[in-house]
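Asker: Let me give you the structure first, and then I'll get to my questions.
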């Protein structure tokens with residue numbers, strides 16, 4: 001199909017919750033509070049993982065990376081979303097949209113791979129405890145974390161480059177809070193089957209493969225736990241990986257609900273369903289980083305002790 005009178009778009013309009021001013025005010029307050037908690041909670045986890053020598057282990061190194069990742073991920077979209085809630089101007093430049101797409105996809109991909117690495121770490125710790133110091137040495141876990149970031153950046157760079165090269169004309173309204181890559185692709189006045197194929201391959205490699213690693217790891221972990229005779233021993237071993245498992249369930253559960261729900265339902269009342277999709281996406285983008293530090297703080301004895309120790313040090317210095 002040939003498109004006539006093509007124009008080069010210089011900006012996009014982010015629809016968000018336009019038309020619902022009261023909802024915008026409500027969500028501005030809620031998201032602002034959540035964002036502050038995300039910064040404080042994840043910042044605290046990063047701080048204690050650096051300052052407390054007892055937490056200088058692979059597990060907490062990965063956790064520190066995850067917390068930093070959550071801060072970066074939310075910062076790519078939440079501040080601009082908050083501004084749009086209070087402003088009549090809800091536009092974003094083409095280059096700004098490209099940067100937001102790149103950062104959001106890079107952080108999301110990195111988190112998927114990093115959660116897979118953390119599952120492998122828990123598998124080795126529980127199923128091969130004697131070999132754990134050798135397998136998960138610093139020469140192993142640092143490259144594993146670095147590799148997660150590199151994979152995220154490379155995957156995002158490839159997909160973003162292919163999207164920004166698409167021709168955009170006529171419609172510049174993104175039916176979303178931010179420049180989510182799928183929402184932007186739908187605006188292209190060209191065949192996007194190639195982009196969809198690249199996205200399918202990337203999804204398989206960087207979302208489903210880590211998920212498969214997590215499933216295999218926890219299957220082996222559960223099998224190992226069931227072999228422990230005492231209930232106290234089983235409870236103690238399971239507590240070492242329950243926090244990570246909870247984070248995985250929330251993270252992947254939201255992704256699977258967003259992208260694998262039946263499309264046949266989106267026939268009637270499509271506007272309401274689209275609004276629901278956007279709110280679910282916000283849950284995915286805000287609630288997961290919000291829950292991570294809370295889960296690790298409430299379900300992890302070492303983290304709680306480290307936080308108490310850090311608070312005591314501050315109180316002692318003040319006195």
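A Cβ is built for glycine as well, from the same backbone N, Cα and C atoms used for every other residue.
Caution: TrEMBL annotation is automatic and unverified by curators.
Per TrEMBL, transmembrane segment is recorded for 25-48, 60-78, 98-120, 141-162, 197-225, 237-259, 279-298. Residues or ranges marked as domain 'G-protein coupled receptors family 1 profile' in TrEMBL: 41-296.
Set these features in their place in the structure for me.
Answerer: Residues 17, 55, 63-64, 67-68, 70-71, 74, 78-79, 81-82, 85-86, 282, 286-287, 289-290, 292-294, 296-297, 303, 306-307, 310 of the same chain sit 6 or more residues outside the transmembrane segment (25-48) yet have a Cβ under 8 Å from a Cβ within it.
Listed by sequence, the residues of this chain that lie at least six past the ends of the transmembrane segment (98-120) yet keep a Cβ under 8 A from its Cβ atoms are 59, 62-63, 65-66, 69-70, 72-73, 76-77, 80, 92, 141, 144-145, 147-149, 151-153, 155-157, 159-160, 163-164, 178-181, 184, 202, 206-207, 209-211, 213-214, 217-218, 244, 247-248, 251.
Counting only same-chain residues 6+ beyond the ends of the transmembrane segment (141-162), those with a CB under 8 A from a CB of the stretch are 58, 61-62, 65, 98, 101-103, 105-111, 113-114, 117, 121, 181, 194-195, 198-199, 202, 205-206.
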